[in-house]
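Each remark here refers to the structure printed beneath this line.
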Amino acid sequence: MSLAAPLTAADLWADVLAVRAQSPLVHSITNFVVMNFNANVLLALGAAPVMAHAHDEVADMAGIAQALVLNIGTLEPAWVESMHKARRAARARGIPVVLDPVGAGATAYRNRALSGLLAAGAPTVIRGNGSEVLSVAGLGAPTRGVDSTLSSNDAVAAAQTLSRRIGSVVCVSGADDHVVDALGRWATLSNGHPWMTRITGVGCSATAMIGAFAAVQPDAWRATTAAMAYLGVVGEWAAEQVIAAGNGVGSLQVKLLDGLQLLDDATFRARLKMTVHG
C-alpha cells in the first residue's frame, strides 16, 4: 500500500478473509499463562497455531511456519535461546517476526533478554502496552508486572521514535490502540471493552493475531491495523452480548472466541472506529 492510499474497513475485512482462507501456520514461542488461549484464538480466527519451544526443533518449525511470534512473558534461559534459534531461521526465510515485550522494564533479567532479541535484528512488528513500549524505546516507564501504568495515548510519540529508529511497525495497545511505522503512518483504533483487560492473555493473543495477519498481508502496518481492529470490534461485540445476558468475564472469554470465528462483514464495518492520521 502506498503512503497516499487510504486504508478502509473493506481493506481490513479483506485481510480477515485472507486469514480464514489461507489458514497460515503461526509458530509461537509464548508464555505458559496464555499458551492455550492464544492457540484457541488463532484457531477461531482461522489460522493454525503451533507452540514449540524445544531447542532441537524450533529452527525446523520456523522453517515451515508463515510467521513467528516471540513472547517474553514467562522467561527462562532455555526459552530465550530457542527464541534466538527460531528468529535466525525466520530471518533466513524472510517470514514476519512479531515481538511481544511482556513486562519490559520490570526486571534486569527481562531487560537483558529483550535487549538481546532486539540486538539480533529489528522484528517486523512490536506490540506492547504503553509502559512496555516506552521501556523498549529506552525512555523508561513505571511498570507493575505485565500491567501498564500509563495510557496508550501517552506512548504514541515513543512508538513513533522507536519505529523510525529500528524500522519495525510498533503497536501500542490500550483503551485506544495505535499502530505506527517508519514511513510516518499512524492508525488509531478505538473499539474494545474494559472487560477485555480482566481476561488474561488478550494482549498476548493480539500479538499472535498480528502474526497471522502479517503472514497473509505483506504490508506489516496494514496487517497490524487489521488484527487490532478485528480484535477490538469482536471484543466490544462479545462484551455487549455477555452483559446483556447477565453474565461475566468467564463467559466473555468464550464469546470472544465465538466472535473471532463468526463475526460478519456488516457488523465489522458498522462498528469499526478507526482514524488514520495525516
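Even glycines carry a Cβ here, placed using N, Cα and C.
Copied from Swiss-Prot, the annotated features are:
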- MET51, GLY201: substrate binding site (BINDING)
- ARG127, SER173: ATP binding site (BINDING)
Close in space but at least six residues away in sequence, with Cβ under 8 Å from that of GLY201 (substrate binding site), the same-chain residues are VAL33, VAL34, PHE37, ASN38
Inter-residue C-alpha distance, MET51 (substrate binding site) and ARG127 (ATP binding site) (nearest angstrom): 19
Which ones in the same chain are close to ARG127 (ATP binding site), with CB under 8 Å and 6+ residues apart in sequence? VAL98, LEU99, ASP100, VAL170, CYS171, SER173, GLY203, ALA206, THR207, ILE210, THR224
When DSSP is mapped onto helix/strand/coil, what comes out for MET51 (substrate binding site)? coil
Please classify the secondary structure at SER173 (ATP binding site) using three-state DSSP. strand
Top of the binding-site residues MET51, SER173 by count of other CB atoms within 10 A is SER173
Three-class DSSP secondary structure - ARG127 (ATP binding site): strand
